[in-house]
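S.K.: Dumping the structure here so I can ask a few things about it.
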Amino acid sequence: MKAKLLILFCAFTATDADTICIGYHANNSTDTVDTVLEKNVTVTHSVNLLEDSHNGKLCRLKGIAPLQLGNCSIAGWILGNPECESLFSQKSWSYIAETPNSENGTCYPGYFADYEELREQLSSVSSFERFEIFPKESSWPNHTVTKGVTASCSHKGRSSFYRNLLWLTEKNGLYPNLSKSYVNNKEKEVLVLWGVHHPSNIGDQRAIYHTENAYVSVVSSHYNRRFIPEIAKRPKVRGQEGRINYYWTLLEPRDTIIFEANGNLIAPWYAFALSRGFGSGIITSNASMDECDAKCQTPQGAINSSLPFQNVHPVTIGECPKYVRSTKLRMATGLRNIPSIQSR
(Lines of atoms letter the chains of each structure in order from A and count residues from 1; the text may use other names and numbers.)
(Lines give C-alpha, C1' and ligand atoms only; values in the text may rest on other atoms or scores of the structure.)
Protein backbone atom coordinates (compact mmCIF):
# COMPACT_ATOMS: atom_id res chain seq x y z
CA MET A 1 0.00 0.00 0.00
CA LYS A 2 2.85 2.37 0.80
CA ALA A 3 4.42 1.71 -2.58
CA LYS A 4 1.15 2.56 -4.40
CA LEU A 5 0.73 5.86 -2.54
CA LEU A 6 4.29 6.92 -3.42
CA ILE A 7 3.70 6.29 -7.11
CA LEU A 8 0.49 8.30 -7.07
CA PHE A 9 2.21 11.23 -5.28
CA CYS A 10 4.98 11.37 -7.88
CA ALA A 11 2.46 11.31 -10.67
CA PHE A 12 0.44 14.20 -9.21
CA THR A 13 3.63 16.24 -8.63
CA ALA A 14 4.72 15.87 -12.22
CA THR A 15 1.28 16.87 -13.47
CA ASP A 16 1.35 20.19 -11.53
CA ALA A 17 4.71 21.27 -13.05
CA ASP A 18 4.99 23.26 -16.28
CA THR A 19 8.68 22.37 -16.90
CA ILE A 20 11.11 19.67 -15.94
CA CYS A 21 14.75 20.66 -15.03
CA ILE A 22 17.16 18.19 -16.58
CA GLY A 23 20.63 17.89 -14.95
CA TYR A 24 21.76 20.32 -12.22
CA HIS A 25 20.51 23.58 -10.77
CA ALA A 26 21.75 26.73 -12.51
CA ASN A 27 22.45 29.90 -10.52
CA ASN A 28 23.37 33.53 -11.09
CA SER A 29 27.13 32.91 -10.70
CA THR A 30 29.48 34.98 -12.87
CA ASP A 31 32.58 32.96 -11.89
CA THR A 32 34.70 32.12 -14.92
CA VAL A 33 37.57 29.67 -15.32
CA ASP A 34 39.95 28.75 -18.12
CA THR A 35 40.02 25.17 -19.35
CA VAL A 36 42.43 23.41 -21.66
CA LEU A 37 40.16 24.08 -24.62
CA GLU A 38 38.30 27.26 -23.65
CA LYS A 39 38.80 30.50 -21.78
CA ASN A 40 36.34 32.36 -19.56
CA VAL A 41 33.94 29.47 -19.06
CA THR A 42 31.14 30.43 -16.65
CA VAL A 43 30.66 27.85 -13.90
CA THR A 44 28.21 27.44 -11.05
CA HIS A 45 30.90 27.46 -8.35
CA SER A 46 34.67 28.12 -8.13
CA VAL A 47 37.32 28.93 -5.54
CA ASN A 48 40.22 31.38 -5.74
CA LEU A 49 43.72 29.85 -5.65
CA LEU A 50 45.78 33.04 -6.08
CA GLU A 51 46.96 35.43 -3.36
CA ASP A 52 47.57 38.92 -4.73
CA SER A 53 47.81 41.00 -1.55
CA HIS A 54 50.56 41.83 0.96
CA ASN A 55 50.92 44.16 3.94
CA GLY A 56 53.72 46.33 2.51
CA LYS A 57 55.95 45.72 5.56
CA LEU A 58 58.99 43.75 6.65
CA CYS A 59 57.94 41.31 9.37
CA ARG A 60 59.45 38.75 11.68
CA LEU A 61 59.41 35.21 10.35
CA LYS A 62 58.18 32.73 12.94
CA GLY A 63 59.02 35.23 15.66
CA ILE A 64 62.60 35.91 14.52
CA ALA A 65 63.45 39.45 13.40
CA PRO A 66 65.31 40.14 10.14
CA LEU A 67 68.66 41.89 9.95
CA GLN A 68 67.67 45.23 8.45
CA LEU A 69 70.78 46.87 6.98
CA GLY A 70 69.21 50.32 6.63
CA ASN A 71 71.63 52.63 4.80
CA CYS A 72 74.33 49.94 4.69
CA SER A 73 74.99 47.45 1.92
CA ILE A 74 76.15 43.87 2.39
CA ALA A 75 79.70 45.08 1.68
CA GLY A 76 79.51 47.89 4.23
CA TRP A 77 78.10 45.56 6.87
CA ILE A 78 80.56 42.70 6.44
CA LEU A 79 83.68 44.88 6.03
CA GLY A 80 82.69 47.02 8.98
CA ASN A 81 82.08 50.45 7.45
CA PRO A 82 82.14 52.76 10.52
CA GLU A 83 78.60 53.92 9.70
CA CYS A 84 77.40 50.30 9.95
CA GLU A 85 79.00 49.48 13.30
CA SER A 86 75.71 49.20 15.18
CA LEU A 87 74.64 46.24 13.02
CA PHE A 88 77.08 43.90 14.77
CA SER A 89 74.90 43.86 17.87
CA GLN A 90 72.51 41.51 16.04
CA LYS A 91 73.96 38.00 16.04
CA SER A 92 71.08 36.08 14.42
CA TRP A 93 68.24 36.82 12.01
CA SER A 94 65.50 35.23 9.92
CA TYR A 95 66.61 37.00 6.74
CA ILE A 96 68.66 40.01 5.62
CA ALA A 97 66.93 43.10 4.20
CA GLU A 98 68.98 45.53 2.08
CA THR A 99 67.71 48.75 0.50
CA PRO A 100 68.20 49.24 -3.28
CA ASN A 101 70.47 52.30 -3.00
CA SER A 102 72.48 51.82 0.19
CA GLU A 103 74.78 54.77 0.90
CA ASN A 104 77.32 53.00 3.11
CA GLY A 105 79.23 50.32 1.25
CA THR A 106 82.96 50.26 0.55
CA CYS A 107 83.94 53.64 1.96
CA TYR A 108 87.46 53.42 0.46
CA PRO A 109 86.96 52.90 -3.29
CA GLY A 110 88.03 49.68 -4.93
CA TYR A 111 86.98 46.35 -6.39
CA PHE A 112 85.24 43.73 -4.25
CA ALA A 113 86.21 40.34 -5.70
CA ASP A 114 83.47 37.73 -6.14
CA TYR A 115 80.96 40.00 -4.43
CA GLU A 116 77.84 38.32 -5.83
CA GLU A 117 79.14 34.92 -4.75
CA LEU A 118 79.70 36.30 -1.23
CA ARG A 119 76.12 37.57 -1.18
CA GLU A 120 74.98 34.11 -2.22
CA GLN A 121 76.97 32.52 0.61
CA LEU A 122 75.59 34.97 3.18
CA SER A 123 72.02 34.41 1.98
CA SER A 124 72.04 30.98 3.65
CA VAL A 125 73.54 32.25 6.93
CA SER A 126 71.16 32.79 9.85
CA SER A 127 73.71 33.69 12.53
CA PHE A 128 77.43 34.19 13.08
CA GLU A 129 80.06 34.61 15.72
CA ARG A 130 82.22 37.68 15.09
CA PHE A 131 85.64 37.23 16.66
CA GLU A 132 89.15 38.70 16.53
CA ILE A 133 91.08 36.51 14.14
CA PHE A 134 94.24 38.59 14.66
CA PRO A 135 93.97 40.74 17.82
CA LYS A 136 94.90 44.31 17.05
CA GLU A 137 97.25 44.98 19.96
CA SER A 138 99.27 41.76 19.91
CA SER A 139 99.36 40.44 16.34
CA TRP A 140 101.47 43.11 14.64
CA PRO A 141 104.23 44.25 17.04
CA ASN A 142 106.53 45.37 14.19
CA HIS A 143 103.92 47.44 12.35
CA THR A 144 101.73 50.43 13.16
CA VAL A 145 98.04 49.63 13.52
CA THR A 146 96.69 53.05 14.48
CA LYS A 147 97.64 55.33 11.57
CA GLY A 148 95.74 53.48 8.86
CA VAL A 149 92.72 55.78 8.72
CA THR A 150 91.20 57.83 5.93
CA ALA A 151 88.79 60.71 5.47
CA SER A 152 86.77 58.62 3.00
CA CYS A 153 85.80 56.33 5.92
CA SER A 154 85.18 59.13 8.38
CA HIS A 155 83.00 58.62 11.45
CA LYS A 156 81.53 61.46 13.49
CA GLY A 157 83.66 63.94 11.55
CA ARG A 158 86.98 62.16 12.10
CA SER A 159 89.07 59.96 9.80
CA SER A 160 88.49 56.29 10.49
CA PHE A 161 88.59 52.85 8.85
CA TYR A 162 86.71 49.57 8.61
CA ARG A 163 85.92 47.89 11.92
CA ASN A 164 86.83 44.42 10.62
CA LEU A 165 90.10 45.27 8.84
CA LEU A 166 93.44 46.79 9.87
CA TRP A 167 95.53 49.01 7.60
CA LEU A 168 99.11 48.12 8.57
CA THR A 169 101.74 50.83 8.00
CA GLU A 170 105.46 51.30 8.64
CA LYS A 171 106.85 51.53 12.16
CA ASN A 172 109.99 53.54 12.95
CA GLY A 173 110.79 53.83 9.26
CA LEU A 174 110.55 50.07 8.62
CA TYR A 175 107.97 47.63 7.31
CA PRO A 176 109.40 44.17 8.11
CA ASN A 177 108.22 41.12 6.21
CA LEU A 178 105.25 39.63 8.01
CA SER A 179 103.87 36.12 8.24
CA LYS A 180 100.71 35.37 10.18
CA SER A 181 98.57 32.25 10.29
CA TYR A 182 95.24 31.21 11.78
CA VAL A 183 93.92 27.68 12.35
CA ASN A 184 90.15 27.35 12.24
CA ASN A 185 89.18 25.69 15.52
CA LYS A 186 85.55 26.85 15.41
CA GLU A 187 84.09 23.63 13.96
CA LYS A 188 82.24 25.86 11.48
CA GLU A 189 83.15 27.62 8.27
CA VAL A 190 84.95 30.89 8.98
CA LEU A 191 84.62 33.85 6.64
CA VAL A 192 87.94 35.73 6.37
CA LEU A 193 88.22 39.11 4.61
CA TRP A 194 91.26 41.21 3.70
CA GLY A 195 92.38 43.86 1.23
CA VAL A 196 95.30 44.98 -0.92
CA HIS A 197 96.14 48.67 -1.17
CA HIS A 198 97.02 50.15 -4.58
CA PRO A 199 98.53 53.64 -4.06
CA SER A 200 98.20 56.36 -6.67
CA ASN A 201 101.93 57.22 -6.78
CA ILE A 202 105.33 55.86 -5.80
CA GLY A 203 105.77 58.55 -3.15
CA ASP A 204 102.81 57.25 -1.17
CA GLN A 205 104.07 53.70 -1.60
CA ARG A 206 107.47 54.58 -0.11
CA ALA A 207 106.02 56.70 2.70
CA ILE A 208 103.49 54.09 3.87
CA TYR A 209 105.40 50.83 3.29
CA HIS A 210 109.07 51.75 2.73
CA THR A 211 109.30 49.46 -0.28
CA GLU A 212 108.66 49.79 -3.99
CA ASN A 213 108.34 46.06 -4.75
CA ALA A 214 105.64 44.85 -2.43
CA TYR A 215 103.57 41.67 -2.51
CA VAL A 216 100.78 40.04 -0.52
CA SER A 217 100.37 36.26 -0.38
CA VAL A 218 97.33 34.40 0.98
CA VAL A 219 97.29 30.59 1.17
CA SER A 220 94.93 27.94 2.55
CA SER A 221 93.94 24.44 1.44
CA HIS A 222 91.42 25.89 -1.04
CA TYR A 223 92.88 29.34 -1.72
CA ASN A 224 96.27 30.36 -3.09
CA ARG A 225 96.93 33.83 -4.50
CA ARG A 226 99.78 36.28 -4.69
CA PHE A 227 98.95 39.96 -5.18
CA ILE A 228 101.22 42.66 -6.61
CA PRO A 229 100.11 46.27 -5.94
CA GLU A 230 99.43 48.35 -9.04
CA ILE A 231 100.71 51.89 -8.48
CA ALA A 232 98.87 54.28 -10.79
CA LYS A 233 96.98 57.55 -10.72
CA ARG A 234 93.25 57.03 -11.01
CA PRO A 235 90.18 59.27 -11.11
CA LYS A 236 89.24 60.52 -7.66
CA VAL A 237 86.45 58.63 -5.93
CA ARG A 238 85.40 59.83 -2.48
CA GLY A 239 88.51 62.01 -2.58
CA GLN A 240 90.86 59.07 -3.23
CA GLU A 241 93.11 58.41 -6.23
CA GLY A 242 94.30 55.14 -4.69
CA ARG A 243 92.26 51.95 -4.43
CA ILE A 244 91.78 49.04 -2.06
CA ASN A 245 90.67 45.75 -3.56
CA TYR A 246 88.75 43.47 -1.20
CA TYR A 247 88.96 39.68 -1.05
CA TRP A 248 87.46 36.85 0.99
CA THR A 249 87.55 33.11 1.47
CA LEU A 250 85.75 30.47 3.49
CA LEU A 251 88.04 28.53 5.80
CA GLU A 252 86.96 24.98 6.58
CA PRO A 253 87.24 23.58 10.13
CA ARG A 254 90.83 22.66 11.08
CA ASP A 255 92.16 24.34 7.94
CA THR A 256 94.93 26.99 8.16
CA ILE A 257 95.18 30.33 6.38
CA ILE A 258 98.57 32.06 6.06
CA PHE A 259 99.19 35.73 5.25
CA GLU A 260 102.62 36.88 4.09
CA ALA A 261 103.49 40.39 2.91
CA ASN A 262 106.15 43.07 2.80
CA GLY A 263 103.66 45.90 2.29
CA ASN A 264 100.18 46.93 1.15
CA LEU A 265 98.24 44.38 3.23
CA ILE A 266 94.89 45.41 4.64
CA ALA A 267 94.87 42.70 7.29
CA PRO A 268 91.93 40.80 8.79
CA TRP A 269 90.98 41.99 12.26
CA TYR A 270 87.63 40.28 12.80
CA ALA A 271 86.33 37.15 11.07
CA PHE A 272 83.00 35.33 11.19
CA ALA A 273 82.14 31.75 12.20
CA LEU A 274 79.04 31.05 10.13
CA SER A 275 75.90 29.12 11.04
CA ARG A 276 73.70 28.31 8.10
CA GLY A 277 69.93 28.06 8.44
CA PHE A 278 67.27 26.64 6.16
CA GLY A 279 64.92 29.35 4.93
CA SER A 280 67.23 32.35 5.33
CA GLY A 281 67.90 34.74 2.46
CA ILE A 282 68.61 38.29 1.28
CA ILE A 283 65.93 40.58 -0.10
CA THR A 284 66.28 44.05 -1.57
CA SER A 285 63.39 46.18 -0.40
CA ASN A 286 62.29 49.70 0.48
CA ALA A 287 59.60 48.38 2.83
CA SER A 288 59.81 49.47 6.45
CA MET A 289 60.02 47.18 9.47
CA ASP A 290 56.82 46.69 11.44
CA GLU A 291 55.68 44.86 14.57
CA CYS A 292 54.23 41.94 12.68
CA ASP A 293 54.81 38.22 12.30
CA ALA A 294 54.47 36.24 9.09
CA LYS A 295 55.30 32.94 7.46
CA CYS A 296 56.23 34.44 4.09
CA GLN A 297 58.20 37.59 3.26
CA THR A 298 58.63 39.25 -0.15
CA PRO A 299 60.36 42.53 -1.10
CA GLN A 300 56.90 44.07 -1.52
CA GLY A 301 55.68 43.02 1.90
CA ALA A 302 54.68 40.01 3.98
CA ILE A 303 52.07 37.48 2.88
CA ASN A 304 49.80 35.69 5.33
CA SER A 305 47.76 33.30 3.22
CA SER A 306 46.80 29.64 3.00
CA LEU A 307 46.31 29.82 -0.77
CA PRO A 308 48.67 27.67 -2.87
CA PHE A 309 49.76 30.39 -5.34
CA GLN A 310 50.73 34.09 -5.25
CA ASN A 311 51.61 36.76 -7.81
CA VAL A 312 53.04 39.36 -5.40
CA HIS A 313 56.76 38.75 -6.13
CA PRO A 314 58.99 35.92 -7.41
CA VAL A 315 61.51 36.44 -4.57
CA THR A 316 60.25 34.95 -1.33
CA ILE A 317 61.62 33.83 2.04
CA GLY A 318 59.87 31.43 4.38
CA GLU A 319 56.86 29.18 3.84
CA CYS A 320 55.34 30.82 0.80
CA PRO A 321 52.75 30.09 -1.88
CA LYS A 322 54.25 29.22 -5.25
CA TYR A 323 54.81 32.27 -7.47
CA VAL A 324 52.90 32.46 -10.77
CA ARG A 325 52.63 35.35 -13.22
CA SER A 326 48.87 34.93 -13.66
CA THR A 327 46.49 37.70 -12.62
CA LYS A 328 43.67 35.23 -11.96
CA LEU A 329 43.69 31.58 -10.94
CA ARG A 330 40.45 29.85 -9.98
CA MET A 331 39.48 26.20 -9.65
CA ALA A 332 36.01 25.10 -10.74
CA THR A 333 34.12 23.27 -7.99
CA GLY A 334 30.83 23.25 -9.92
CA LEU A 335 29.67 22.64 -13.48
CA ARG A 336 29.24 24.80 -16.55
CA ASN A 337 26.54 27.36 -15.76
CA ILE A 338 24.30 26.74 -18.82
CA PRO A 339 20.98 25.16 -17.79
CA SER A 340 18.89 23.05 -20.17
CA ILE A 341 15.08 23.46 -19.89
CA GLN A 342 12.51 21.21 -21.55
CA SER A 343 8.82 22.17 -21.77
CA ARG A 344 6.14 19.54 -21.40
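Every residue gets a Cβ built from N, Cα and C, even glycine.
Swiss-Prot lists these features:
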- 1-17: signal peptide (SIGNAL)
- ASN27: N-linked glycosylation site (CARBOHYD)
- ASN28: N-linked glycosylation site (CARBOHYD)
- ASN40: N-linked glycosylation site (CARBOHYD)
- CYS59-CYS292: disulfide bond (DISULFID)
- ASN71: N-linked glycosylation site (CARBOHYD)
- CYS72-CYS84: disulfide bond (DISULFID)
- ASN104: N-linked glycosylation site (CARBOHYD)
- CYS107-CYS153: disulfide bond (DISULFID)
- ASN142: N-linked glycosylation site (CARBOHYD)
- ASN177: N-linked glycosylation site (CARBOHYD)
- ASN286: N-linked glycosylation site (CARBOHYD)
- CYS296-CYS320: disulfide bond (DISULFID)
- ASN304: N-linked glycosylation site (CARBOHYD)
S.K.: Measuring Cα to Cα, how many angstrom lie between ASN104 (N-linked glycosylation site) and CYS59 (disulfide bond)?
M.R.: 23
S.K.: Give me the Cα-Cα distance between ASN286 (N-linked glycosylation site) and CYS72 (disulfide bond), rounded to a whole Å.
M.R.: 13
S.K.: Rounded to a whole number, how many Å is the Cα of CYS296 (disulfide bond) away from the Cα of ASN304 (N-linked glycosylation site)?
M.R.: 7
S.K.: Let me know the most crowded of the glycosylation sites, choosing from ASN104, ASN142 and counting other Cβ atoms within 10 Å.
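M.R.: Going through ASN104, ASN142 one by one, the largest Cβ count within 10 Å is at ASN104.
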S.K.: Rounded to the nearest Å, what's the C-alpha distance separating CYS320 (disulfide bond) and CYS84 (disulfide bond)? Just drop the number here, would you?
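M.R.: CYS84 (disulfide bond) has its Cα 31 Å from the Cα of CYS320 (disulfide bond).
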S.K.: Going along the chain, which residues six or more apart from CYS292 (disulfide bond) have their CB under 8 A from its CB?
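M.R.: Residues satisfying the criterion: ASN55, LYS57, CYS59, ARG60, ALA302.
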S.K.: Would you identify the secondary structure of CYS84 (disulfide bond) according to DSSP, in three states?
M.R.: helix
S.K.: Can you see whether DSSP assigns CYS107 (disulfide bond) to helix, strand or coil?
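M.R.: It is coil.
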S.K.: Count the Cβ atoms, other than its own, that fall within 10 Å of the Cβ of CYS320 (disulfide bond), considering every protein chain shown.
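M.R.: Here the count is 21.
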S.K.: Select the closest residue to CYS153 (disulfide bond) from the following recorded positions, measuring between CA atoms: ASN71, CYS72, CYS84, ASN142, ASN304.
M.R.: CYS84
S.K.: Compare the C-alpha of ASN142 (N-linked glycosylation site) with the C-alpha of each of the recorded positions CYS72, CYS107, ASN177, ASN304, and give the closest one.
M.R.: ASN177
S.K.: Using all protein chains in view, find how many other C-beta atoms are within 10 Å of the C-beta of CYS59 (disulfide bond).
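M.R.: Excluding its own Cβ, CYS59 (disulfide bond) sees 23 Cβ atoms within 10 Å.
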